[in-house]
Amino acid sequence: MCGIVGYIGKRNTQNVLIEGLKKLEYRGYDSAGIAVFTDKGLEIAKAKGRLANLETKLENAPLIGSVGIGHTRWATHGKPSDVNSHPHTDDSHKFSVVHNGIIENYLELKEELIAEGHTFVSETDTEVISHLIAREYEGDIVKAVQKAISHMRGAYALGVLTEYEPNKLVAVRQASPLIIGIGEGENFIGSDIPAILEYTRNVYILNDGEMAVLTQDAVELMTIEGNFISREMIRVDWDATTAEKGGFEHFMLKEIHEQPKAYRDTMRGRIDVSGKHVVLPELKLTPEQIKNIRNVQIVACGTAYHAGLVGRSVIEQLVKIPVETDVASEYRYRSPIVTPETLVIVVSQSGETADTLAALREAQSHGAHVLAITNVVGSSIARDADDVITTLAGPEIAVASTKAYTSQLIAFYLLGLYLAEVRGTQTPEQIAHIIAAMQALPEQVEKMLSQADAIKDFAEQISKHEDLFFIGRGLDYAVAQEGSLKLKEISYIHSEAYAAGELKHGTLALIEDGIPVIALATQESVLEKTVSNIKEVKARGAEVMAITFEEHVAGLLKSVDQAFAIPKTLPILTPALAVVPLQLLSYYASLARGNDVDKPRNLAKSVTVE
Ligand code: F6R
């Protein structure tokens, strides 16, 4: 995730770019920059941190011109810094590029370009693009861009300028969003409609594999192979605030719907082309160290802790090593037994959670290798950890974590499979089988999201209650805990997650007529046992909704009141699907209660106090 904006016309370009970037800050905000064609040539200004820092820089040295591109960054390759900020340029400083996405083969391309004499200044994948375009330029920027992208693999939306053709702005879309805004004597590009909505409501939406060439008075659309295309212009009738949320009523709902993309992005480049191996080139952990791991400790807070509970089962099942999962605020004070052969995994969306950071330091002080799973490159946890697996969920704005949690699950699957291959604890066939099932997850989530209305009705019913229970066994219990936390934090309904077999040891006393119970029943090895536990609560008057696979719905409906079917996957992968209806349930229950869904009371997105 990053935000791109571009302008060609008679207005003050700098202002158009800055105002556009303000609307895109939700896509990333660790640094920003603009390039404007001024009377001195192509000039670039960039600044680490919030957009305000760039604005301050520009107050002293404004860039005056009539064509420009801008970018707000959410770091993926290289920490947030002035030099890693976009726009990027080449050795001649004649070309300038803004990019949203990931170039998977950037390291190979970079080596090739270095061998040809190009000099790189940043750690980004994007800088490769500006050098490639410069290399391919023979007097036609459109052809140069087409040739450059023919060498690139991955996802990208691009805005490109060259000093040689100052009256042109070139835009490309390949698996990252990009729209073109059409004005009178002016045209725009943007990652999202809000960036340009102040100036025009007429837009073209580019499809993957398409590009646009903008001048002040015209826009040409073509495929990246150069075949011209015509497209119907869309008239936008949303207001700006709705548009920022991509048409969704809340960021949380938008983020729930972004999960298929977050799964794909987190897997992208980490499964080799054969589909048989996980590759984690970012890991410093050597095969030797991996073989010497004696135990794993996973440490995190809140939702990230719940991802760690799934991570425990994943690593134990795939790698056959003992794993404990602990909440960070407890771990650091319980004198954990950590040795240099312990792999400690800290999980944190923000990478700034004080307790998790302290746990990381505690583990390092005992000589453990600490691997962080985090969503924010350059965060304190990412910087201090010995190894990092970045989840590519994009910025999460809603306080209730959804896409960050599920991306953490994907990271655990990738890590588990990688460790299993190195330690030889799964056969190549077993690994390939799990990878294939993982690759189907994004589409399966899309299918469930299209059935969200079924959850809405149940959510409205439960919104009238003050107490509720989630039950499940094994991985279902781990998901139940996340479902319960989600519901509490945004609907303010009291709920508890129980290991289904544990209820009868006390908590069953709380089950009375009409109390809602959500039963997760996906783990087939314990399905009959879970059904027995469902019968225990039904016998005491509970209203039970089950989450299960399609094939078990008919059978379960003999014991429960309602059932929501999730697509079939392997037992180990089920959490990545089963949690989605629970996220929707919390969202709609909160909505029905009239709560502020995105900003629940008493909570904050990043918890930097202990
Ligand atoms: C709940 C939620 C929190 C966070 C927790 C840890 O929806 O978001 O429970 O998971 O505060 O935050 P990070 O992952 O940033 O360390």
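Each residue, glycine too, has its Cβ placed from N, Cα and C.
Quick look at what TrEMBL lists:
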ACT_SITE  Cys2  active site, nucleophile
DOMAIN    2-217  domain 'Glutamine amidotransferase type-2'
DOMAIN    286-425  domain 'SIS'
DOMAIN    458-600  domain 'SIS'
ACT_SITE  Lys605  active site, for Fru-6P isomerization activity
Sort out the sequence-distant neighbours of Cys2 (active site, nucleophile) for me: same chain, 6+ apart, CB within less than 8 Å of its CB, listed by position. Arg27, Gly28, His71, Thr72, Arg73, Trp74, His86, Val98, His99, Asn100, Gly101, Ser191
Whole-number mean of pLDDT values that fall within the domain 'Glutamine amidotransferase type-2' (2-217): 94
DSSP residue counts for the domain 'SIS' (458-600), split into helix, strand and coil: 75 helix, 30 strand, 38 coil
